[in-house]
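One structure is given below, encoded as structure tokens.
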Amino acid sequence: MSDTATDSPAADDAVPATTPADLEAASARVDALRTEIERHRDEYYGADASTLSDAEYDALVHELEALEEAHPTLRSQDSPTQTVGGRAETTLFAPVTHAERMLSLDNVFSEEELAEWAAKVERDAGSGRVRYLSELKIDGLAINLRYEHGVLVTAATRGDGVVGEDVTQNVLTMGTVPERLMGSGHPPLVEVRGEIFFPVAEFDELNARQLEVGERVFANPRNAAAGSLRQKEEGKSPARLELMRARIRRLRMLVHGIGAWPVRELASDAHVSAQSEVYGLLAGWGLPISTHFRVFDDISEVTEFVRRHGAHRAEVEHQIDGIVVKVDDLGLHEELGATSRAPRWATAYKYPPEEVNTTLLDIVVSVGRTGRATPFAVMEKVEVAGSEVRQATLHNQQVVKAKGVLIGDTVVLRKAGDVIPEVLGPVVELRDGTEREFVMPTLCPECQTPLRPAKEGDIDLRCPNARSCPAQVRGRVEHVASRGALDIEGLGEVAAAALTQPLEPEDPPLETEAGLFELTMADLVPITVVVRDAETGMVKVDEKTGEAKRVTPFRRRRAPKRDGVFDPAAPWGDEDSVPSKSAEVLLENLDKAKTQDLWRILVALSIRHVGPVAARALAGWFGSLDAIRSASREELAAVDGVGGIIADALLDWFEVDWHREIVDRWRKAGVVMEVPGHPGPGAAAAAGGVLAGLTVVATGSLEGYTREGALEAIMAAGGKAGSSVSKKTHYVAAGPGAGSKLGKAEALGVRIIDAAEFRLLVEQGPDAIALPDADPAADADPAAGADPAADAAGAPAVGEAGEDASAEVKPKRARKRKAPAAADVASAADVDADAAAVPEPGEPGPGGAAETP
């Protein structure tokens, strides 16, 4: 998946023919687009896979940008158009806040676009020659190494650019990342950015080993890198633990920049003024840098570099999907600046994906969690862009028709973005008359229910048997366990299939997700399941036997022996009643999941339109599932971040009897469905809490508060948590990492407070932080004549992005002003992304803002 590039041809073609004028319709489309984009981001960054091509992803993002531009009130800080990478929401690894935000890169797709980018850079840079550093764009996993006084403190994934996952132990296991930097005079704090990858030459050997021991194989080296690094040691048998460590030890890293870096505190001999000199400094510290970078005086030389490596891209030790071009002069980095998601002084040239021919053997239809029936191309195995491909999505019957492919055709296949397999079309000249047309089935292939559009005019066909369709139940069980929901380790695709579609016993342990928390060891141990492909649902075949691949995921298997001696060629045996470690881990993690946050429970219920943002808003305002269930449409819609569409979806969901059964059985099994200590729906505001009628914006890192914690503290005190600063804002609580909201507050004369004052404010009210000789009420209230449109937008103004996430914040006191009427209480949708910024200041480092995706 490429990062969004608004000037790409794919994005331009994707501008919708019409933009909904009706705000309600626009809101529905925006919500659907955000859900779709976040789902594919989660697939790419979280599950290390994706079902969408670069062009399709860019088209979705561009349509969302157009709608937000046409309807500014729909834009929010957590929109995919304002954020970087994937969401850092997991309980598998501890969260780590980066000292400086890890940005992404904009893309160019042709030599002409590269020349246009360079021309703009040179215009903006003014007089003087611009030199360009060019390097290979590694297709791996972005990593941030934090060194303090030369000692590695943490290693974290990028996450959402602000908060990543702590993978320090696994990075140290690699054995190639120095725990202590070489030399002397190291700064008190420096962040080193790089990419972790799996060597291409060792990839086939890895997958062969995975097959030998019954583990899943990886689709490509990038997935191998992410899948190896992002795993924990707990709960693994000694054999699996050694296998995990062996995979990690094969990983390699190359560094390509610096994040937070207090330049003034460096020794004089470490001073650098160019990106290329940064690489010399990093190499001197003992960090691995790429040897494939060059500095050029002219963009035409960069173009030659791009062509040369494009022709020899398969000869490098790691996969590449383009060339990164950076302005070499660090002084120009600061002058050119950055947008909210990418630096202006760097770009990524994306190579056109590799194309090959293969045979289209069949088109099969898969049914997903929401009942959507999706045709998939099943092809003769072929290698493309470094990995073997057997299948690719065809999206719907209209796409099949538009591509003009017939079963039996020779088709052109490419890796979109060098990651996603995509069928381009048939090689008509090779047809011999044996080909046949694909006919979309009229019945669900899983439960034989007639397929139909969800509503008139829909292209997609869906299975309406939501309760009992095995594929939909399997998908919902997987969703319950996903990182964005209850984050249950051990409940992946194989376990979900085992619980819902077992070969043995005849009756599945789960008919719906209602019984998930009632599972016992007796339910798990007898299960035998046929392994299915995660996307198509097709049965996987054992390449050695030619038969369907069967596993017993929840009971132990006897090692293959002949005459009492281990023999890998002998058949594996089963011990009928001995639970496996996987069974123990699953039951243990299901028990832990019962006490997850209420918002995660809401997401896990698969209620249409209810994602993490809306779920947080509902949980924060109502405090319990019962309160949400009994609320009226007006009460639901009044919650900021919810609105009429989500309110209707909630009411519709609770109207269904088997939905209510899920809630009732989960509760009976011990699932906690309320926020501990919550005073009830809007109780703090209704009771005239200490912040009743006041709007508070939190930005930067506030000591003692997480991002959600600051929001909840404001709401619990009866206040409104704003996402942007306007004349209706009463206080701005600013900590390290605060961005443009701080400047806007100063310009508007809004009172700025620090973390200590914020704590007093939410606990005791405005009187506790009143200025000397000031009227506390006047101190808290902004002037009349506020701009309602600005406040209603609930989003940063255009041009507000690009703030320095590691700048030192010095709270200032502003003049006192008078108050407007009390504002509505806000929700999690209003949370400022800045609130998750750094706990510790540091000046922006050379080359550190750009992070290859």
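From the backbone N, Cα and C atoms, a Cβ is placed for every residue, glycine too.
Of the candidate ranges 1-24, 289-312, 577-600, Swiss-Prot annotates residues 1-24 with the feature region 'Disordered'.
Using DSSP to sort the residues of the domain 'BRCT' (686-775) gives these counts of helix, strand and coil: 34 helix, 15 strand, 41 coil. Cα-Cα distance from C444 (Zn(2+) binding site) to K137 (active site, N6-AMP-lysine intermediate): 43 Å (rounded to the nearest whole number). When pLDDT is averaged over the domain 'BRCT' (686-775), the result is 83. Listed in sequence order, V367, G371, A373, C444, E446, C447, T449, L451, C469, A471, Q472 are the same-chain residues six or more apart from C463 (Zn(2+) binding site) with CB atoms under 8 A from its CB. Compute the center of the Cβ atoms of C444, C447, C463, C469, which mark the site for Zn(2+); besides them, the chain residues with Cβ within 8 Å of that center are V367, G371, P445, E446, Q448, T449, L451, P464, N465, S468, P470, A471, Q472. Counting neighbouring Cβ atoms within 10 Å of each of the binding-site residues (C444, C447, C469), the lowest count belongs to C447. A simple way to gauge crowding: the CB of K137 (active site, N6-AMP-lysine intermediate) has 24 other CB atoms within 10 angstroms, across all the protein chains here. DSSP assigns K137 (active site, N6-AMP-lysine intermediate) to a strand segment in the three-state reduction.
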